[in-house]
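Let me begin by presenting the structure, written as structure tokens, before commenting on it.
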Amino acid sequence: MHALEQKILTEGIVLSDQVLKVDAFLNHQIDPVLMQQIGKEFAARFKDAGITKIITIEASGIAPAIMAGLELGVPVIFARKYQSLTLKDDLYRAKVFSFTKQTESTIAISNKHINSSDKALVIDDFLANGQAALGLIDLIHQANAEVVGVGIVIEKSFQPGRDLLLEKGYRVESLARVQSLADGTVTFVKE
């Protein structure tokens, strides 16, 4: 997605050869016009998948997931990372390891919002090692629902997440595929 790649080049900050900071438009401050374009792009790519639910993880996956849900006309469920007073019973749970934060957390969604008749699309902000996506897929499988694909805003193609998901048979659609962050420069996979 050209507009996203341009935004990464102009406003993204390479912190290391492994870490790209995009808090100017995605992870802290959110560019709503770009998010709307992202939602439309995900909707176009998955329009024939029969999606009934979009599943994401708090917090940075929520904005692109909401915009995709708006375009597709389907509800969005975000998995919580922390125990809540209002979300404590009848939960599907999975453990996920965050590459960026280097921590493991338990994510959860209520079993009242997803069931075996659902066709779910996973959407997340980044794909690195694939652990967040696999955790969300685990939650969907616990509900006996179908995973129709994984939509990623920014994929770090030099890390194993994409290959891991493809090997397990999942469709992966990434809007920006970063080939390298070497020498402080973002280069994209040529499609």
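Glycine residues also receive a Cβ, built from the backbone N, Cα and C atoms like all the rest.
In the record from Swiss-Prot, residues Leu20, Asn27 bind xanthine; the candidate from Lys119, Lys156, Lys168 listed for the same site is Lys156. The Cβ neighbour count for Lys156 (xanthine binding site), using a 10 Å radius over every protein chain in view, is 24.
The Cβ of Gln131 (5-phospho-alpha-D-ribose 1-diphosphate binding site) has 18 other Cβ atoms within 10 Å, all protein chains considered. Lys156 (xanthine binding site) sits 13 Å from Gln131 (5-phospho-alpha-D-ribose 1-diphosphate binding site), counting Cα to Cα. When secondary structure is read from DSSP and collapsed to three states, Gln131 (5-phospho-alpha-D-ribose 1-diphosphate binding site) falls in the helix class.
Close to the recorded 5-phospho-alpha-D-ribose 1-diphosphate site, the chain also has Val96, Phe97, Phe99, Leu127, Ala133, Leu134, Gln159, Gly161, Leu164: residues not among Ala128, Asn129, Gly130, Gln131, Ala132 whose Cβ is within 8 Å of the site's Cβ mean position.
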